[in-house]
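Visitor: Quick one: the structure is below, and I'll ask about it shortly.
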Amino acid sequence: MSSRRETRASAQTFIENLKPLQHPNSEKVFLSGSRPDLRVGMRQIHQTDTLHAKTNGETLREQNPPIMVYDCAGAYSDPNADINVHAGLEKFRQSWIEERQDTELLKGVSSQFTQQRLADDGLDHLRFDALVKPRRAKAGRCVTQMHYARRGIITPEMEYIAIRENMAREHVPEGVLTQKSAGESFGACIGEPITAEFVRSEVARGRAIIPLNINHPEAEPMIIGRNFLVKVNANIGNSAVTSSIEEEVEKLVWSTRWGADTVMDLSTGRYIHETREWIIRNSPVPIGTVPIYQALEKVNGVAEDLNWEVFRDTLIEQAEQGVDYFTIHAGVLLRYVPMTAKRLTGIVSRGGSIMAKWCLSHHKESFLYEHFREICELCAAYDVSLSLGDGMRPGCIADANDEAQFAELETLGELVKIAWEYDVQTIIEGPGHVPMHLIKVNMEKQLEHCDEAPFYTLGPQTTDIAPGYDHFTSGIGAAQMAWYGCAMLCYVTPKEHLGLPNKEDVKQGLIAYKIAAHAADIAKGHPGAQVRDNALSKARFEFRWEDQYNLGLDPDTARAYHDESLPQESAKVAHFCSMCGPKFCSMKITQEVREYAADQEAKALLAQAPLAQANIQDVELISPDEYKARQATEADLAKAMAQKSAEFKSQGSALYHSIDSSGINDNKNDQQDASVVRVPSLEIEG
């Protein structure tokens with residue numbers, strides 16, 4: 001069997017045997033809202049207790065609270081969920097949509113293309129098993145979350161988001177876990193608890209969007225805006241030469257496990273319609289598309305043959321399937337195309353290049369631009385959000401911030417205001433490839449021209465020298481852009497510019513971008529962002545290895561790296577790792593210094609006359625943790641450090657020592673040259 005068939009067979013096995021995928025020592029919990037059917041799923045990471053040895057031989061047990069984190073996986077992380085990809089996820093938002101009484105079920109699909117696909121018996125083996133009738137706004141009604149928000153209505157979706165964004169931080173005990181720096185938010189409203197009213201006001205103002213098509217009731221409400229947690233999008237989708245429906249469903253599930261807040265289906269191969277149906281029905285997160293890709297397939301890949309009628313039918317087709325947001329390159333105008341002539345890499349956006357070719361071949365303005373108001377009317381009937389594509393984005397750092405890029409940005413600013421006339425939620429897409437020193441001006445210009453509509457960027461990549469590592473080169477720029485105010489980051493995988501990403505590439509891209517987004521949340525001063533960092537740092541200092549792994553973004557990889565060099569069970573509780581060994585772990589030394597100073601303080605107290613005559617039961621020996629708050633004297637610390645200095649010199653002044661197979665240092669028999677660092681299977685001349 002070929003590797004191509006093996007991959008597809010593996011994906012088929014995965015989705016047919018799909019069970020909830022839980023992270024180690026994590027629990028799915030639900031936070032309740034104001035109504036019984038408003039239950040917000042979160043992931044709670046349980047921690048072990050910290051054990052403090054007291055000088056009298058007793059052990060103090062300190063309880064470490066569970067840490068609540070944002071969970072994108074929906075039913076895929078719920079052990080009580082009944083998962084069947086052939087039936088799709090539970091339509092838990094259906095009742096919220098119906099109770100508003102502003103939508104109606106259609107007798108059948110409206111798109112001519114969908115009608116043709118349904119009439120083709122040859123597609124039965126690919127078709128989703130549980131197709132439902134589509135829903136649309138009643139005549140004269142608008143059903144967008146922005147429409148409700150502007151009328152002062154707080155929807156269940158808005159309340160759900162407020163609970164989700166707060167991550168139950170009000171229950172975190174004050175102390176070491178809640179300490180944080182003030183942060184620099186660059187004008188964003190960061191710091192106060194998120195309320196449902198705040199969510200409503202931000203959506204009404206256009207500073208945030210809630211991408212939720214009325215035909216995607218399986219999706220859990222989430223929000224994109226610079227005054228909320230930074231979100232991450234993952235791209236999946238088949239191509240004309242690779243991938244299958246099974247593989248794309250597998251990537252969808254995998255994406256939500258590793259933190260994708262939204263997923264874009266960028267399929268360009270055969271069976272785009274069928275693939276998308278499977279993805280939407282099984283997605284707990286909003287799904288985005290680039291409709292021009294499918295429209296191009298309908299005209300056999302000839303850009304010049306595209307027209308408004310084909311594109312409009314594609315929008316209706318996808319809206320009735322449940323696509324939550326469309327990327328539309330309506331800002332690519334005929335007069336902007338010549339501006340790219342002197343670029344090093346020209347027009348690199350697929351959608352942008354398609355529309356540029358159409359404009360030149362017809363010598364007319366883009367039909368996307370000319371029919372933009374009709375696009376808005378259609379989106380308002382299904383609550384499809386718009387993501388205004390940056391077709392003129394730079395494809396290399398040499399082309400960053402040029403005339404074409406910023407001319408299009410100004411046009412996108414004009415279009416977002418038109419969309420708001422129709423109460424259509426809108427975000428703006430951004431670059432691309434931008435060196436670090438040119439990133440901030442992108443955010444500043446976007447805020448200026450687009451009236452604070454949410455910004456959504458692909459990175460940007462900060463250097464072009466690392467094919468195969470562009471999740472690193474772009475993660476740097478993504479963290480910066482998000483700090484300055486970007487609301488959502490589109491991930492880049494190691495395969496960027498090289499090929500279609502597989503399952504492992506999706507994970508690597510998401511981990512890189514979750515790091516970037518989280519780093520930006522901390523830098524902005526988001527009140528709950530640093531709790532997880534503090535919990536992990538405390539676990540690291542206390543050598544609670546399992547808690548270190550489990551609090552991280554990727555517990556499996558962290559555990560595997562540790563166990564490569566110290567696989568023994570004893571190493572799981574050891575107060576050192578293979579980096580420094582038991583003698584020179586800086587955190588272990590610090591603990592010993594604190595314990596020594598605390599012991600000296602206790603002895604000094606006992607030596608005092610009043611205490612010497614007192615009943616010993618009246619004397620409480622404080623723990624290192626308690627002593628830390630009182631702080632040792634400079635003399636105590638100096639004495640302890642001098643003792644450690646003597647120990648270091650007596651052991652040969654070597655920074656590192658070899659570790660035998662049991663993981664225990666044996667310095668007495670170590671005759672190694674001090675200029676060679678030795679750890680298992682590693683030898684570095686130093």
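Yeah, the Cβs are placed from backbone N, Cα and C, and that goes for glycine too.
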Visitor: Of the residue ranges 15-42, 547-574, 659-686, which one carries the region 'Disordered' annotation in Swiss-Prot?
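Guide: Here Swiss-Prot associates region 'Disordered' with the stretch 659-686.
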Visitor: Given that Swiss-Prot assigns ASN235, MET264, TYR293, HIS329, SER349, ARG350, GLY351, ASP390, GLY391, MET392, ARG393, TYR456 to the substrate site, pick the one from GLU370, GLU414, GLU429 that the record assigns to that site as well.
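Guide: Swiss-Prot names GLU429 for this substrate site.
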Visitor: Which one of these binding-site residues, ARG393, HIS433, HIS497, has the sparsest Cβ neighbourhood, judged by other Cβ atoms within 10 angstroms?
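Guide: Least crowded of the binding-site residues ARG393, HIS433, HIS497, by Cβ count within 10 Å, is HIS497.
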Visitor: Specify the count of other C-beta atoms within 10 Å of the C-beta of GLY391 (substrate binding site).
Guide: 33
Visitor: In whole Å, how far does the CA atom of TYR456 (substrate binding site) lie from that of HIS497 (Zn(2+) binding site)?
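Guide: The separation of the Cα atoms works out to 20 Å.
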Visitor: Secondary structure at GLY351 (substrate binding site) (DSSP, helix/strand/coil)?
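Guide: Once the DSSP labels are grouped into three classes, GLY351 (substrate binding site) ends up as helix.
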Visitor: Pick the one among the binding-site residues TYR293, TYR456 whose Cβ has the fewest other Cβ atoms within 10 Å in this structure.
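Guide: Counting other Cβ atoms within 10 Å of each of the binding-site residues TYR293, TYR456 gives the minimum at TYR293.
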Visitor: Considering Cα atoms only, can you say which of TYR293, SER349, GLY351, ARG393 is the nearest neighbour of HIS433 (Zn(2+) binding site) among these binding-site residues?
Guide: ARG393
